[in-house]
Amino acid sequence: MNENALNLEESTKHTYVARSPFDASSSPSECLLKKNSDSRHHQCRKPRISRGDCFDCGSLMMDAAQGNDKSAISDNIELNEPSDRRTLSPTRYHSWRCKPMFFSDGIRRVDYVLAYETKDSTEESSTDEDITAEGTHDVRTQEEKRASKRHRFEENLCKLGLELERVEGKYCNNAHFVLVHAPFGLLLKQAENLSVKMPVQQSDVKERTIIDGMLDKFLNKFPFFTFSEETNERLKEPNYFTAPFITDHLECYVGSDDPNSFFESSERSRMVYDLLLRTRYDAEEVEKYRVGIERLVKNGTYTAAYPLHEPCEEPEYDVNRCSNREMLYWNWCRYNNFYKYQPLSLIRKYFGSKIGIYFAWLGYYTKVLFPASVAGVLCFLFGLFTYSQDIPSNDICGSDGIGAVVMMCPTCDKYCAFTPLNASCVYSKLSYIFDNNATVLFAALMSIGATLFLEGWKRYHAELAWKWGLLDFEVDEETVRPEYQLRVKEARTKRLNPITQEMEPYMPFRQRILRFFASSITVIFFLLLVVAFVVGVVVYRIVLLQVLYRVDGMKQYASILTFTTAATLNLIVILILSYFYTFLALKLTDWECPRTQTEFDNSYTFKVYLFQFINYYSSIFYIAFIKGNISSVPGRRILGLRPEECDPAGCMVELVIQLAIIMCGKQFWNAFVEIAWPLVRNMVRSWWMGMPETKRQKSERLRREKRLEIECAKTEVPRWERDYVLNPVYDQFLFDEYLEMVIQFGFVTLFVSAFPLAPLFALLNNIMEIRLDAYKFLITTRRPLPERAKDIGIWLPILDGISKAAVLINAFVIAFTSDFVPKFVYRWVYHHQELYGYVNNSLSIYDARSMAVWSDFDLNITTCRFRDYRNPPCSVLSSDDCSTEYSVTTQWWIVLTFRLAFVLVFEHVVSAVKAFVAYIIPDMPSKIFIQLQRQRFLARQARLYDIGNAASAKSATNDKHARSKGHAASSDRDDVAFQPGLFDKGDEKMPRELQTVMQGDLRRRSTLISSSAPSLESFQSCNVGAVDTNGMPGSPSSGKVSDGEQFTGFILLD
């Protein structure tokens, strides 16, 4: 390494401190560099405390490293003397041992952490002995480049006003941490730039409607659903009117008198991350897009960038002392809280609105599954309790019924035997349990319930969005993805941005369209590959069935073993392909190179869901709609192969087995992967010590060992090191969670007519899923970036599409897979009030003498029966209706007509009800609408008052033009323009919304609006003003409202 690089590494061991641009004692670009007292540690096993780590009453003992070269530091950076530390008050100073989330001075909070690792020279010499001198030089050059990028990046962060402090890893070998703190002045500027909505005053609108209040009163009668009184008191948060933050009106916002708690920790981290995302790390002005911490993490300059978790170390729960993270641990993520409400406000406060909305949606979805589960269980119990009264199944099972005298045709060529009909007794009973008259009603209710769920979620989301300030949240301009920047850099193509009027790199349309078509062809190919795997499972069933029929003692279990093993094999293939398709979709989307993260997420989500939809549902569609319907005549072949045939009792049982194994097996596997798989890997690795580790396995093992060592350490470990050894948060950390639930929603709605217990299994899974995800985000992974999200994104239209498709799919399952329509036709068209003789009517005759069977079977059978409506052969029955080709009967056409009619009627009726439900249920609750109307009402009052006050304040010495403008402004009277509150004295009927707003104790308040502000209904000023009883502007000097109460002054954003 050359001398400059050594100087650079030495210079970056210091602590950067940048005075705030809003600090009067410093210029915006001034940046101070403070010597770090820690020396480099080479071991991770035991913490080595250097002299610089020891603090006593605010004094700092500096080590002997004050002779470092300062030549590599820019001119605008100077070295602080250790005397600066001694000026701190002993009462305010605490070491990081007492405050693990603060700088070494114990005052400045750590808002973000940047981590990187350097190779130890001893480790390199012992592990890289075979590296040539040229190879070593390349490694050194790469390290020098990364050090240069880090230095430039951190220097630019200082120029932006951030304060940095560098510390060495005490337990994590060769790890270095850069602690980032944002001064309050910088946070104010960021809050204004990002339009962060802050509370201005508590809402005075009645919060609950009558129905909501009755529901809450009913639920409050069961105290085990809620938390203790002390916990509820801490979790309770009033509703506030919020407004975009404006620095000039800081004193008008709630909590502005306490800078330390004015911004939540998650909001501080988000605003700091915005700066990290936009800061350059290259000195060359031509490389405009070499910016952002994301690119630095991807290219290895930093190994991690994360906000800190709050401490969670209290052995007992104390509501008065615990942190927000501990509150969530004791009241949310523990499994013994599975029956309690989720503290959504605290989740949003700690993790941000993106994760908060995910858990809100998952909790609401789980709550909706409860009535669906009850209905499904009742449907199942109805079939279970009445199956003994089912006439068709009794006819099959009875000793005196048709099942004892009729022989069924072999289901495969040569090796399958003739079987008596009563061999399908168990299948007929199971088929009735899942396919009875209640199933049709349940399927219709579930289809309507899916719409109720979506409409209810929209209303619930509107309420949360109001409380969390997300109703009008929009992303103004997204950051360009680092991969897009690199790809465009290679293309060297630029164009004029019509918005910024600057030349910027872009990907030509021809290149984008070629990538899109190539990606689409790849997607289609692998979708066909899924179909090929389904065909492979079908071939497996055919072969296995023939093999089992040849084994003595296995004939009676051949069908059930074939169905079960085939479904299990299909599940294994699905799980393997699921991982492969997720990886493939990620690579294809990355190859397409979308410009922004939103474009990337939408494209990636569409591909993965399309893959998974075909992957999970293709075999189910095959059993439900293809198997048994292609050709039910024995011996018929398609493309030289004999198609599969259903059991004489139908395909419903096989469909139920397939659904149960795939749905429940998928849920069990996901739970195993998230809970038990890490433990199993540790046990296997401990037992099999001779197994070589991969690089990734070694990294994970070292991370777990470091985590265990830190947890067992007696001395307090810095919070940033504890979080560093936790599992990293990958980019699409919520994608897999949403995808799993959306696939489950498909099982619950698309095929609920075949498996009414699906909602119950989904409910049990989701109860555990909520706590499992909570534990994962709170304990085992680093704190995710507190991102903002308005809703669940592209998943809502996907859920809506599934809800609409569920109507048609359930209609086809009932019409073509179940026996509901044939039984209906037999009873009402052919006038059989009971179903006696239905089984015999649904079976056709086949000439068994033309079939090639195994020689060991009895060949004295001349006719056999098969399930369909076909004319008998003329060789068996000579009549006008006989047919050597086994043509369909008239009853077949009648049944087909009724099946299509049922699909048409069911789809139209249920869709009409769904549309009517969606129409009559507004997406926004009335209480939220009233609050919005209240905001507009107060905003208009404030603007009118501001206009009148500004006109009356004009000086008499102004020119004539100014006086005429003031007169025009003050002439906005009752007889010229409508004033808020005018209906109080007039005969006109008051609008219902205004009447609701102005009733009761809702006082009309106003404030001054800056004349230079845009014409938005947003907070502008908190100067004291007055309003008379009509809501009209009163005397500006009174400072009182009409009833004598002091007015605090606010206005808020719509």
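Residue positions begin at 1 at the first shown residue.
Cβ atoms here come from the backbone N, Cα and C positions, even for glycine.
As recorded in TrEMBL, the features of this protein are as follows:
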| type | residues | note |
| --- | --- | --- |
| DOMAIN | 102-344 | domain 'Anoctamin dimerisation' |
| REGION | 123-147 | region 'Disordered' |
| COMPBIAS | 123-132 | compositional bias 'Acidic residues' |
| COMPBIAS | 135-147 | compositional bias 'Basic and acidic residues' |
| TRANSMEM | 358-385 | transmembrane segment |
| TRANSMEM | 438-457 | transmembrane segment |
| TRANSMEM | 513-540 | transmembrane segment |
| TRANSMEM | 560-586 | transmembrane segment |
| TRANSMEM | 606-626 | transmembrane segment |
| TRANSMEM | 741-764 | transmembrane segment |
| TRANSMEM | 792-816 | transmembrane segment |
| REGION | 956-989 | region 'Disordered' |
(message) Check the transmembrane segment (792-816) against the transmembrane segment (560-586) for contact, please; criterion is three or more CB pairs under 8 Å, pairs 6 or more apart in sequence.
(response) no
(request) Count, for each of 358-385, 438-457, 513-540, 560-586, 606-626, the Cβ pairs lying under 8 Å from the transmembrane segment (741-764), and report the range with the highest count. (result) 358-385
(request) Would you kindly list the residues that approach the transmembrane segment (513-540) from elsewhere in its chain, counting only those six or more residues past its ends and only Cβ-Cβ distances under 8 Å? (result) 566, 569-570, 573, 577, 581, 584, 588-589, 591-593, 607, 610-611, 614-615, 618-619, 622, 644
(message) Can you work out which residues elsewhere in the same chain, 6+ from the ends of the transmembrane segment (606-626), have a Cβ less than 8 Å from its Cβ atoms?
(response) 523, 526-527, 530-531, 534, 537-538, 567, 570, 574, 577-578, 581-582, 584-585, 588-589, 651, 654-655, 658-659, 662, 666, 735, 739, 742-743, 746-747, 750-751, 754, 794, 798, 812-813, 816-817
